Structure formats: structure tokens, C-alpha cells
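Taking it in order: structure first as C-alpha cells, then the write-up.
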Amino acid sequence: MAARDAAADPPYGEAGQDYAQAQPQSDLLDELMRTTNQHAIVTDAPEERFRLGFFTPFLLVINQMIGTHVYIEYGLNVPRYVIEGLEQAVQRNGGDLHYLQFVYDWPHYKKDTVLLMGTLFGISFIFVRNMASTCINFGVRVLQAARPGDEPKNGEVRAIAIAAAAFACMIHVVSRRYGIWLNNLLAVVKVGILLVIIFTTLAVVGGGVHDKNGNRVPNVWMQNMDPKVAFKAPASPDGDVNNADLAQGTVTGYAASFLSIIYAYSGFEQANYVLGEMATPRRTFPRAAISGMALTSVLYMLVNISYMVVVPAYEQSNEEVALLFFRKTFSWVPGDGSADRIFNAFLALSSFGNAIVMTYTAARMKQEIAKQGFLPFPKFFGQNVDLSIGRFIAYLRASRGWRLRYLSPEQHREATPVGALLLHLLGCFVLVLATFNIKPDDAYTLLSGLMAFLSTAVFGCLLAAGILILRFRGPPATEPAKTKDYRNALAAGNAADETPVNKTWIEMTGSGIYPWLSVLSAVVYFAGNAFPLIASWIPATANFPSSTVAWWVVPTTSVMILLFATLWWLGFLAGARHRERHQQKRLIHEVWPEFEWAERTGADSADDDDGLPRHGGKILVHETTLFTWEGREMGDFDSHPRGDSVLAGEAIPPAPIVNEFANTDFEGFEIRPLRQGDANIR
């Protein structure tokens, strides 16, 4: 969501509208700046022309993937609001964060305020869900493409990783549009790379690929699929290569492999992080998620079949199977180490694509995490700032009189989550430097394992269990959305229809989600994520390829992060109780959203109240989130019947007028406010 620097829902009313129209534009902006609430996080959805269609969410999934039903079920139905008396779901940024807090809404500091589950997920996401592993792998691949056969130097790898991370964040700071375009371009390139592998394999099967000596590259599919080979420790036919000492068939080996698979296929949740930026999320999101997952799964299976057609099984345990594939099929390319260069260049592009998409989606997620209130400086990390290239172009036009024909400020000026991007970048820097004493390849394995274990498997189990809880226990009551209309109705005492609504999960999901498929998907998704969580604690009983990282590091570090998040939450509670008891202050948390129809129809579609049918449901277009500590003497907001209106700046009933001249010689004087037509008093 893009942000604007404006007052926290300023209560102008009709008189305020007249005032706004009468003010010059610059004076109005200055007034808005002066009245901005320093504790309010104000965010807007992107303008309609900048919202995401089908193609970008589709490529977001591909770019990162390269339980979907679980995420679609959550994404279409959570979170929920009562808007104008109608209980409904409204898609927004945040994905897993909102889904987990919807199901596990206790324990908490106060209702809907600083939940334990939100803190666990938020802290874990900040720690491990960044681009550190991807940027390290990018550094390795760039150096191996430049110097095939040489071991990449650790310092050079880290320097390239930091530079790549900084560039990925910078492109999303100065231009949301260019960041999305770059993501889409790299996603198409990655699909093209997979297609190159698949079509090269078809040429091998047809006998059309030769090595540098002119010999045909053999088809070893039948040899690799022979049960005598497929289910035993791989060994060469002549006995020169024997890998019987590897961890074949052990629980730990399967767990490690499963975590790698989870990491490889993670990414179908990326679109859930930016649902609030889609033009028509109800229609676009499921189509993009299913299409992206289906295409990626098919390509992955065909690529793995390609490896089995070209690379003998006994060679696959010693080196990267993809590298061996390129050496066998592209050895004819002129130049020393050309096959290695091509392979590593392809992987470098793939890793950089992961960094770009993760920066775009994870920054929006961290912005939502900041709005939960348990982080310091929530306004800085949650508010958007306009540092776009469009603002720079506008400056050049205003100060220098420059006119750039193809760069209009209006087309390139969007506020971006600068604070969240900085948090994302700092987290990446910390992990890149914290693993400096570990070999780059082992650092990549460690960091990607942490991401798969903690961010995907642990919370994947909780999400799957959440579906079962919603199906059999039922969801919580849906609360009214505190829109401007709701607050006005509350102030006028006409909010009878805006009451909490209780529905079953079947009623909420409707006919679009089959209950049996929902339960089946949740059970399978839970089992798939639970296996590596349990198996990762079983000590290795066989030798793994050489690594400087012990087998227990990933699960132990994950548990330590969860413990740290729990202590963080307990520390927040302790600090809050201390303020309440000793400083007589309490935390005020208010969220004021504004919605509009995703799709409008009819000639008068600009008016939401014209009675015409709408499509696509409501979408969130503006939100003000307030976190502030107020003294009790400022008013007990929990007991005040109109507390929401007080915080929002709505008008409240005037206090009774007290005659200050009572019991004096002037008791007969009338004290009343001035009315229109009274004489001016100066």
C-alpha cells in the first residue's frame, strides 16, 4: 500500500470541505503537515492505474517458487469486517500474519492488540525471511561465472551479496513500478532457462546433441530408472565411484532433503503478502496462484526428468546435477569452461530474481508487522514515504524547468515502505555478516534451511491446524470496521446494524470452497510440514557431504528465535503494565479503514451509493493505524461510550455551560456561544 503524509483522518466535515476548497494547494498541504498525528500510521492503496493485474501476481509465484489451496482459502476469506451492516472478507497485505492472528487470537495484551501469535510470526519473519541466502548464492554464482573452476573468495562473495541486497532495496524505494517490471522480466527469463533445459533434453533423446569431441550425448534414462540402481547407494558400473557411505535412506537425510524441497517450492504464498495492491483480488488472486503453481510444478518435474535422462545416478551424488547437465550438453560451446559459465550465469539471474521479488513482498509484510505495535518506532517502519524518481523529476521540472518527454512525474510518483525496506536490508546485512566465518555454500544451506524450517514448516503447521480449527470449532465473531461512516453513525447513535456477526466457516467460505477438499488439504499440508520438524531432531546415522554446519543448528536456532520472540512479547506486557501502574498511562490502539468497490459498473460508477450492482467485493483503499500512550486523566477510552469518536476527532456533545457569575451580583447575565449574525467582537 502506498502512503500519504496526512492527518489521521482529519474531521473536516462539511465546513472542512469548504475550507479545503478555499485554500491554495500549497497552503492546504502545509496545514495537513502541521496537523499530522505523530503516532498515526497512514496508508493508502496504490492508485487504480498502479494496481496489480493477473500477470504480476502470476509471475510473483513463479519467480519465488521456481498447501496452495490452504493459502487461497485464507486469502479469499481473511480478514473479515462488518461494513455497512454486511459481514464480508476484504483482502489486504499481510498474508500469514493476519491468518494466524485470526485463528489464534489469544493470548494478547488487549483484544486485537499485540497478540502472542502475531509477535511470534513477526519476529521470526524479520529474522529469517529476507534475501541473505539468495544474495550469498548470487555472489557465489557471479564469481564462478567469471572465474570457472576457482573457489570463490569469502570476502568477495559477501561484498557482492551486500551490493545486490542494497540494489534490490533501492530499486523498490525509488520506483515501485520499476521494481515490479524487473521482477516480471526476471521471472520470464527464469522460465526461459527451464525451457532451455527441457528442449535440450528433447534434443538429447533425439540424438541431436554432441559433446566437444563430436560424440553423441547418451540417454541414460533406462539406466537410472533401473530398480537395482534407483534404490541403492549409487555406484558406477565399473566400481570406480562408490557412494555407499552417504546418508542413504536415513530419517535425517530425508528431513534435510524435504527442507530443501520446501524451500524450492515455497513462493506460492508470495501473492498473499500483496493482496491489498491487486486491482481485483477475489478474481485475480486464485487464478494467478493456481496458474503459477501449476506451471512451476510442471516445469520442475520436466527439469528433474531431464537430469535423469542426461546425468548418470552415480555422478549426481558428487556434484551439482544441474552443473553436470550443462557440462554434458553444452561442452561443444567454444571457450574454456563455457558450460560452467553458462550454468552459473543462469543461476545468478535466478538468485537475483528471488532477491527482487522477496524485497517487494517481504517489505509489505514487514510494514504490516510494524502496524501490530510490538516493534519500536512503528510509524517509521509502517509509514510510506515518497522518495520516488517521480518526485525527483517533479523537482527538476519545478526548479530547473526541465521537461523530460518520456518521464512524467505523475506516472512515476508513488510512496513506498522505506522504513520496512530499511529493516529488510539491515536484516540481510546482519545475516550476511553473521555467517562470515562459514563457507558461502554452507551459509546458503544454513540460511535457506532456517527459512524453510521456521518460516514455512513451523507456521505452515499452525496455518494448516488453523483451517481444521475453523472448520470444527468455528471462527471468531466478525467485528464492525471502524470506517468514517461507522464512527459518524456511532456518534449519532444510529449504529444498530454495525454489530458483531457470528457465522460458521462454511457460511463464510460459501460454495467456492469444498469442505472435504479444505480438510484434506489442511491434513496433507500439516503432515508435510510436520515431518521435517520432527525428523530434523534425529541425529544423523550416516555421513553427509562435508559441511561446517552441524545437523542440529537449524532446528536449535529456530527454537531460539521463537523463545526470543516469546520473551519479547512478555517484555512488552511487563513494560505496558509498568506504564499503566506507575505512569498512569495506557496504550491506545485504533484502526480506521476505508473501503471501496473493487469493480464499479454503470455510467455513474464514481458514486458508491448509486444503487448499481458491484463486482469483486470491497477492497481496502486507506487505513489509519494509531498507537499512542495516553494518560488516564485524558479520558478512560474503554469506558467512554464514544471513545472511538474522541480518538478519531469526531464532534462530541458540548459540555454543559456553567454560569461563572452564579451567586454574584451578575447572576442574571446569560452566557452563550456566538451565533451567525452576532456582531463581530475584536
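Even glycines carry a Cβ here, placed using N, Cα and C.
Range annotated as transmembrane segment by TrEMBL, chosen from 164-186, 187-209: 187-209.
Of the given residue ranges 1-20, 101-120, 281-300, 501-520, TrEMBL assigns the label region 'Disordered' to 1-20. Of the Cβ pairs linking the transmembrane segment (342-363) with the transmembrane segment (418-438) and spaced 6 or more residues apart, 3 or more are under 8 Å, so the two regions touch. Contact check: the transmembrane segment (444-470) against the transmembrane segment (114-136) gives at least three Cβ pairs closer than 8 Å, residues 6 or more apart, which meets the contact criterion.
A contact between the transmembrane segment (114-136) and the transmembrane segment (550-576) is present, since 3 or more of their C-beta pairs, 6 or more residues apart, lie under 8 Å.
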